[in-house]
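Annotated features in TrEMBL:
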{"type": "ACT_SITE", "residues": "Ser65", "note": "active site, phosphoserine intermediate"}
{"type": "BINDING", "residues": "Ser65, Asp277, Asp279, Asp281", "note": "Mg(2+) binding site"}
{"type": "BINDING", "residues": "Glu371, Ala372, Asn373, Arg499, Pro500, Ser501, Gly502, Thr503, Arg508", "note": "substrate binding site"}
{"type": "DOMAIN", "residues": "52-89", "note": "domain 'Alpha-D-phosphohexomutase alpha/beta/alpha'"}
{"type": "DOMAIN", "residues": "106-168", "note": "domain 'Alpha-D-phosphohexomutase alpha/beta/alpha'"}
{"type": "DOMAIN", "residues": "179-284", "note": "domain 'Phosphoacetylglucosamine mutase AMG1'"}
{"type": "DOMAIN", "residues": "298-437", "note": "domain 'Phosphoacetylglucosamine mutase AMG1'"}
{"type": "DOMAIN", "residues": "456-527", "note": "domain 'Alpha-D-phosphohexomutase C-terminal'"}
Amino acid sequence: MAQFQEVSKQSSLHPKPAGLVLQYGTAGFRTNAKHLDHIMFRMGLLATLRSKKTKATIGVMVTASHNPEEDNGVKLVDPMGEMVTPAWEGYATQLANAEQEDLLTALKDVIEKEAINMSQEANVFVGKDTRSSSASLSQAVLDGVSALGGHSKDYGLLTTPQLHYMVCCQNTQGKYGEATVDGYYNKLCQAFIQLTKSVSNRTDDQKHLYVDGANGIGALKVHEMERHVKRELQISLFNDGTKGKLNYECGADFVKVQQEPPTGIETNAGERCCSFDGDADRIVFYYTDPEGQFHLLDGDKIATLISTFLKETLTQAGLDLKIAVVQTAYANGSSTHYLEDTMKVIVRCTKTGVKHLHHAAQEFDIGVYFEANGHGTVLFSKEAEEKIQQLAKNPNTDDQRKRAALLLQNTINVINQTVGDAISDMLLIEAILAIKGMTIQQWDAIYTDLPNRQLKVKVADRRVIDTTDAERRAVSPAGLQETIDSLVKKYRLARSFVRPSGTEDVVRVYAEAETQESTDTLAHEVSLAVYRLAGGVGDEPKPLHEKH
C-alpha cells in the first residue's frame, strides 16, 4: 500500500533511539524533549487511526504541563474532548516503543485489532504550548498525520483545555460552541458578563485579580482574553513569559507544594491571587493575611465553593437535580465533612487521576470534580441542561425561579465541561464570589483544613502494595492495613493511607490529624510501617522533628 511506503519514508526522518522505552501515563508521554521526535510522529499516526476508527476529529496536544522547561510531552484527545480510552493508551505505548524496523508491523496490528477502514477520512487538530521544543515536535505530529493521508488543522499556540474544547465543538457540529479561539473567548466571557451584571455596585477592588501565568501558555491566553471581559474583571498578570522561566518558582504546582506565593508577584495583604500551571488546566487561589500568613485555596476549597453555589441556586430555581462532588483520598477531611454534614451534598471518592473523577462525575445530574492540585470542572447531564433551559424559557416561571434558572444557564456556558480549565474555572470562581458578595477570606473560612502531611518511602518494588476502596485501604502486603488502622486510632480526627506511585518505585504516604504535630508523627509512623512491611530500601525514614 502506498500509505505504508509513505509511513516508512517519513518515519526514517523521525527515527527512534534504539532501546528507549516510554509509557503512556495519566498525562500521556512526558520526558526530556530531545527524546520525543519519534514519539510525536507516531502519535500523529495513531491519532489518524483513532480518527478513522471513531469517524470523528481527534486532538493531539504537545505540552509537558507543569514539568520543567526542558521537558515536553503529548496527549491525545478523544471525540467529546475527553482523554483517550485505556485500550488506545496501550496502543500508544506499543507504537512508541516499537523499534524502527517493527513500526509497520505494530501499526498494522492496531489496524487489524480495531478493524479500521483505511479509506475512511481522518481529521486531527493539533495544539502546542510555548516551550521552545514545541514547534518542531508539533511539526512531527503533523508529519505523522499526513503520512497516513489524514487531514490536520494546526491551531498553533493553545492551552490544553482550549484544544479539548475545539475537538468537542467540531464533533458536536458547533452545538458546544465555535471551534475557534475567538469562539472560545466569546462563549465564556459573555456568560461571565451575564453572571456578574446582575451584581450591583461592585467596586474596582472587588473586580481585581492577580494572575500568575507560570511563564507559560496560560499567560498568553489570559492576555488575549482580557479585552473580551471588558471592565468586569481587572487582571494584573505576573510571570507572563517575558522574562521568567516556565514553571520555575511559579505556577499552581509550585504554590501548592511549597505553600507560598510564586516569585515575581507583588501583592498586599488580603488581595485575591491565583496561579495557573504550565498548560493552564489547573488553578489554585491564595492570599496573604495581615500577619503575613499564607492561605491556599486549593481544589477542595474550589469544589466546595462551586457546589455550594450550585446547590443554593438549584434550590432557588426549585429544581430537584442530584448534585455530587467527586474527590480522591487526598481531599482534605474537613472538606468532606463540610460537604456531607453541612451542605448535605453527595460525596463520591475515586482513585487518583482525572479520568477516574471525570467518569464518576458523569453518573450524576451535576457532578463537580476537583483534584486537590486544582484540576477540575463541572459536568451537567443532558437532562439537567434541558430542565434548566425549559425553566428559563417558560413564560410562567416566577421571577425568583427565572433569575436562578438564568444564573444556572450562564454558569453552564462559562464552564468548559471537557476537562479542567484554568481560564474557565477562574471566570466561574470570580463570578460566584461576586454574586455571593464574598471576599476570599470569607470563602477561605467556610471550613478550616485539617493539618496534613505527604511523604514518600523508597521501596524495591512498588507493586507489592495493592489497594482497594478508591486507594484508601491496602490489601497487601499482609499486616500493613492493620498496622495503619492501629496507628490512626492513637490520634484525634486522624486518617492515613498509602498508595504506590504511578511513576517511580516509591510508596506515597498521606496523613492528617487534629494538630500538625500529631499529623507529622502519624505520617512518620506509617512510613516506618511501609518501610518494614513493603520492602523499603536505603535508610529507614527519619522523624520529621517539627521541620516546617
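Glycine residues also receive a Cβ, built from the backbone N, Cα and C atoms like all the rest.
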Candidate with the highest Cβ count within 10 Å, taken from the recorded positions Ser65, Asn373:
Ser65
Is it the case that the domain 'Alpha-D-phosphohexomutase alpha/beta/alpha' (52-89) and the domain 'Phosphoacetylglucosamine mutase AMG1' (179-284) have 3 or more CB pairs under 8 Å, with pairs at least 6 apart in sequence?
yes
Can you figure out which of Asn373, Pro500, Gly502, Arg508 (the binding-site residues) comes closest in space to Asp281 (Mg(2+) binding site), comparing Cα atoms?
Asn373
Considering only the recorded positions Ser65, Asp277, Asp279, which residue has the minimal Cα-Cα separation from Pro500 (substrate binding site)?
Ser65
Using the CB centroid of Ser65, Asp277, Asp279, Asp281 as the Mg(2+) site centre, which other residues of the same chain sit with their CB within 8 A?
Thr63, His66, Thr159, Thr160, Gly216, Gly218, Phe276, Gly278, Ala280, Arg282, His375, Ala422
For Asp279, Glu371, listed as binding-site residues, tell me which one has the smallest number of other Cβ atoms within 10 Å.
Glu371
Under a criterion of three or more Cβ pairs within a distance under 8 Å and sequence separation of at least 6, are the domain 'Alpha-D-phosphohexomutase alpha/beta/alpha' (106-168) and the domain 'Alpha-D-phosphohexomutase C-terminal' (456-527) in contact?
no
Neighbourhood of Asp277 (Mg(2+) binding site) by C-beta distance under 8 A, where only residues 6 or more apart in the same chain count:
Ser65, His66, Ala214, Gly216, Gly218, Asn247, Gly251, Ala252, Asp253, Ile283, Gly374, Ala422
All-chain count of other Cβ atoms within 10 Å of Arg508 (substrate binding site):
20
Could you list the residues of the same chain, at least six apart in sequence, whose Cβ is under 8 A from the Cβ of Gly502 (substrate binding site)?
Gly25, Thr26, Thr352, Gly353
Using C-alpha atoms only, work out the spacing between Arg508 (substrate binding site) and Asp279 (Mg(2+) binding site) and round it to an integer in Å.
25
Where Glu371 (substrate binding site) and Asp279 (Mg(2+) binding site) are concerned, what is their Cα separation in Å, rounded?
16
Could you tell me which of these binding-site residues, Asp281, Pro500, has the fewest other Cβ atoms within 10 Å of its Cβ?
Pro500
